[in-house]
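As written in TrEMBL, here are the features:
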COMPBIAS  1-14  compositional bias 'Polar residues'
REGION    1-162  region 'Disordered'
COMPBIAS  29-39  compositional bias 'Low complexity'
COMPBIAS  47-58  compositional bias 'Low complexity'
COMPBIAS  61-82  compositional bias 'Basic and acidic residues'
COMPBIAS  137-147  compositional bias 'Acidic residues'
REGION    177-219  region 'Disordered'
COMPBIAS  194-210  compositional bias 'Basic and acidic residues'
REGION    304-323  region 'Disordered'
COMPBIAS  314-323  compositional bias 'Basic and acidic residues'
REGION    572-620  region 'Disordered'
COMPBIAS  584-601  compositional bias 'Acidic residues'
Amino acid sequence: MQQRRFTRASNSQAHPGLPDAPKPRRSSAQVKADNAVRAAAKEEAAQQKATKIAKVAQIENEVRQKVKETDLEANRPKDKLSIPRSQRPRAPPVQDNATQAPTDRLGPAGGIPPADPDSETARVDELSDPDGSNVESDVDMDLENDAPDTAIKKAAGKKQKKGLIVRDQINAINFSAVMPEVSPPDEPTPGKRRAVDMKGAEPQTKRQKEAQPLPPSGLLANWREAAPFEPTFEATEVEDIEHQRAGLTRGGSVDEAQDEDASPAFQFGGIPSGDEEDVERKAAHQNIRFRSIAKVEDLHAAPVTPQLQIRQKKPGERYRHKDLPPETAERFSKLVLPMACDSVAALPPWESPTDEELADLWNLVFKDTHPVTVDLRAGSLFLVIKPLIKHGISQWLTKFAKAGVKALEAEYKRRGLATTAEQAELVASLLGDAEDIESKKRPFLWDSVYDDPNAEKSGLFQGRLVAHVFLEHLITVQSLPNQYRVQEPPIGALILAIQAVHRALLYSINGTFTAPARKGDREFSKQNWGDCKVESANGKIRTLKRSTVFLKRIKNLSDVQWADIKQAALNMQRGPPPQKAVTLDEEGSDGEPSADDDDELRDPRYDMPAVGAQALDGAE
């Protein structure tokens, strides 16, 4: 029989699940009691803290009130002056013997009557004490006379005693009465201002001096920018008469006239200091002529871009024609967009017009009603025009890509090619070198290879596929009036047509058009078909001419060749015209191509061979 298990008495308090417990487990009642004690202690501590905070706030409030009361008491105006001042009775002035002696020597007529109300002494008394409130005694006056003269003048900013100020004014009046008046000189010292006679007037303050207008300086307003020049004078009979009246005859002193004319203020038509009447009369009758330095320019008001209430665009949303002003939507589609395509067609391939050129295109049509500038602020009409024109150009490029595929399918149908192998063979014969994208051996460029592949190449850039694609551009701009068309040949449009055909043939090398699976690789865009930088085999960076390989040759095309290229494109729309024989005059109308062109692009219809040209010259 198996023995029953039991716990030893020594292990009754042992808990295997809590080997590291600091103290034994407690019952639920003990836990609740301990929690209640802690909560009570926490609440009591919170109450004590709140009580202390309230006491501190009360103490701070009392301190603020005391400080406020102290400030109010300090700023309160006083009921009486803190320093009492007493008035002293007026006493009659006493004249010393030393002061009276010079007056006696002047005789009975030279003395200063003390009781005269109009005298200078009476005026000084009125200035110093107008209401008679401040009076001085004889004792103070005697004390002031004993003080040395150097103590009268104080440093600037310090207040002098009133008795000293009155004594200075009295001495000044006595000195002016004794000394005779001296008239100022007739001619002032050059370079200095003439002193102003201020008899009996108070000295002017700094503000009063600044308020006075300065004499004319005789300088032009733009003297810093003006070039140095000398005035020219015209002598007239009236001028001679006026000179005689003013005592300035031409037979007088030459030095005097030169000194007066040498004054800068007088040379520039101003009035210098000195005898102003004569100089003013002379300046008024001088006939002075200056060489004009003014620049006259036509001022044109800048066109103000109208602000529109444009709705907020959502992410991925673009502006549409309905966002334009209603009266401009139709003409925008029929004129502005074709003009933009025509402008891009004259540029090198894959170049875009600038913002200024887009604004000019719009202003050619709507300058009088809705002029715009390159304004990128919110609500500007230019913010609607720019994306719409860019989208129109993008659609124009898409037409080239689609036309290239359609042209190749039309060529299959014209030749009656139904199988993939036959179509692949035609593509290989028209494409040329499929590996080298810069190769100039492109049979599809020539008109003669479509009827007989073994015939001599002629009709450069007039091949059926190129003409079919180039027709899309001619259809786009055919509605434009002549005054809105670009006069330069459509170089960019012809190169884009060539690249569109090249793209269609390259993606149909197996007989069926198969574009790359990735959308970014199959787009007809500058990223895929424009020039780019690549690293050569020797590690150097060079330009891969994907779009400009034929640019130099196309720029050298003559007007006759351009006319035939456009005619070949129009023939794709209305059928080929009767065969026209090419005469020698038409062939040699433009001469030889540039020496940089190789023989691959030499067209026998238009380019005269060197041997033939020499033979014609010898025959003449």
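Using the three backbone atoms N, Cα and C, a Cβ is placed for every residue, glycine included.
Helix, strand and coil counts from DSSP across the compositional bias 'Polar residues' (1-14) read 3 helix, 0 strand, 11 coil. Sequence-remote contacts of a segment are chain residues at least 6 beyond its ends whose Cβ falls under 8 Å from one of its Cβ atoms, and for the compositional bias 'Polar residues' (1-14) they are 24. Away from its own ends, the compositional bias 'Low complexity' (47-58) comes close to no residue of its chain (no Cβ-Cβ distance under 8 Å at least six residues beyond either end). The helix, strand and coil residue counts that DSSP assigns across the compositional bias 'Low complexity' (47-58) are 12 helix, 0 strand, 0 coil.
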